[in-house]
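Lifted from TrEMBL, the feature list:
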type	residues	note
ACT_SITE	His140	active site, proton donor/acceptor
ACT_SITE	Lys144	active site, proton donor
BINDING	Gly12, Tyr13, Lys14, Gly15, Arg16, Met17, Glu37, Gly82, Ser83, Thr84, Ser106, Gly107, Asn108, Phe109	NAD(+) binding site
BINDING	Lys38	NADP(+) binding site
BINDING	His141, Gly150, Thr151	(S)-2,3,4,5-tetrahydrodipicolinate binding site
DOMAIN	7-109	domain 'Dihydrodipicolinate reductase N-terminal'
DOMAIN	112-249	domain 'Dihydrodipicolinate reductase C-terminal'
Amino acid sequence: MAAPATRFAVNGYKGRMGQAVIKVLDETKHTMSAKYEKGDMFDLTRTDAVIDFSTPEASLSLLEACAGEGLARPRPLVHVIGSTGFTPEQRDELIRFADEVVIIQSGNFSLGVNLLMGLLKQAAARLAAEDWDIEIVEAHHRRKVDAPSGTALMLGEAAAYGRNVRLDEVKVAARDGITGARRAGDIGFSVIRGGGIVGEHSAVLASEDEILTLSHSARDRTLFARGAIQAALWGRTQKAGFYDMQDVLGL
Ligand SMILES: NC(=O)C1=CN([C@@H]2O[C@H](COP(=O)(O)OP(=O)(O)OC[C@H]3O[C@@H](n4cnc5c(N)ncnc54)[C@H](OP(=O)(O)O)[C@@H]3O)[C@@H](O)[C@H]2O)C=CC1
Ligand SMILES: O=C(O)C1=N[C@H](C(=O)O)C[C@H](O)C1
């Protein structure tokens, strides 16, 4: 089904991603109904879809402020949430709001990263944990406030899923000092912060004899903005519920 006419609001519009979303909405001739920044009152009465790259707290307050408001609409309001750094408790809270609105949340709205997740799942399932170590390496600009990145965590989840284990049981997010030898089956994370790096992610699968590296490089933030707009348009044809970019792309 084609998406009906959609009026977009942007949360966190002064930020790097907010500006990228506004640029792409403008280039693609979409209608913008509202834009919000810290301290603004939300009014989504003339909005069909919100694109939100802000912070976990800001995304949750937006959903809180609009709770109940979506029920009178012919189609549910769509919230596309790109903010990263949610705690497990905050993520549970997010899911609770999906009873009455369409929520599409992803740590990365690019096609490449979402494909990479499937490839990593497959590689992790095929390469025995006793022989193959998995490490996720990510690099971002100096202003990023959360670590590991939302994408790195999604890649870690994909690898853990492929191995049929829970990420929180095998996750090693930091190493410093005498750490002892690496435990078989662990999934390690390494973080680089510097300059203006948009977003680099690699999954390194290393055995004694070979190294397989699956990697993705984002060249421009409008990549994520385009993916988020695609997600919003897809969400306009869906029932209320909690979705991710894999659902949008049919992966
Ligand atoms: N899923 C994806 O594909 C991607 C996700 N991201 C994620 O998106 C988020 C934003 O990234 P980025 O744009 O680089 O960060 P920025 O810090 O540039 O932008 C965030 C914006 O949100 C604003 N903000 C903070 N609190 C509120 C609030 N309560 N209500 C409304 N706005 C608020 C900030 O204002 P102020 O500066 O005044 O605090 C700022 O303008 C991050 O979590 C990042 O990891 C980024 C790229 C892609
Ligand atoms: O903060 C960023 O810039 C990015 N954040 C997302 C993440 O945490 O994975 C996605 C992208 O890599 C850029």
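Keep in mind that glycine also has a Cβ here, set from the backbone N, Cα and C atoms.
Any TrEMBL annotation is an automated prediction that lacks curation.
The Cβ of Gly150 ((S)-2,3,4,5-tetrahydrodipicolinate binding site) lies under 8 Å from the Cβ of Thr84, Gly85, Ser106, Gly107, Asn108, each of these being in the same chain and 6 or more residues away along the sequence.
Ligand 1 lies within reach of Gly12, Lys38 from the binding-site residues Gly12, Lys38, His141, judged by a C-beta closer than 6 angstroms to any of its atoms. For His141 ((S)-2,3,4,5-tetrahydrodipicolinate binding site), the number of other Cβ atoms no farther than 10 Å from its own Cβ, over all displayed protein chains, is 14.
For the binding site of NAD(+), formed by Gly12, Tyr13, Lys14, Gly15, Arg16, Met17, Glu37, Gly82, Ser83, Thr84, Ser106, Gly107, Asn108, Phe109 according to the record, the largest Cα to Cα distance is 22 Å, rounded to a whole number.
Ser83 (NAD(+) binding site) and Thr151 ((S)-2,3,4,5-tetrahydrodipicolinate binding site) are 11 Å apart (CA-CA, integer value). Lys38 (NADP(+) binding site) has its Cα within 10 Å of the Cα of none of the recorded positions Arg16, Ser83, His140, His141, Lys144. Taking a Cβ cut-off of under 6 Å from any atom of ligand 2, the recorded positions Arg16, Ser83, Ser106, Asn108, Lys144, Gly150 reduce to Asn108, Lys144, Gly150.
A distance of 23 Å separates the Cα atom of Glu37 (NAD(+) binding site) from that of His140 (active site, proton donor/acceptor). Long-range Cβ contacts of Ser83 (NAD(+) binding site) within its own chain (separation 6+, distance under 8 Å): Gly12, Asp52, Phe53, Ser54, Thr55, Pro56, Ala58, Ser59. Its Cβ taken as reference, the residue listed as 'active site, proton donor/acceptor' is surrounded by 25 other Cβ atoms within 10 Å in the chains shown.
Lys14 (NAD(+) binding site) has Lys144 as its nearest neighbour among the recorded positions His140, His141, Lys144, going by CA to CA distance. If you count neighbouring Cβ atoms within 10 Å for each of the recorded positions Lys14, Arg16, Lys38, Lys144, the highest count belongs to Lys144. For the recorded site, Arg16 (NAD(+) binding site), the DSSP three-state label reads helix.
Geometry remark: the residue listed as 'active site, proton donor' versus Arg16 (NAD(+) binding site), CA distance 11 Å.
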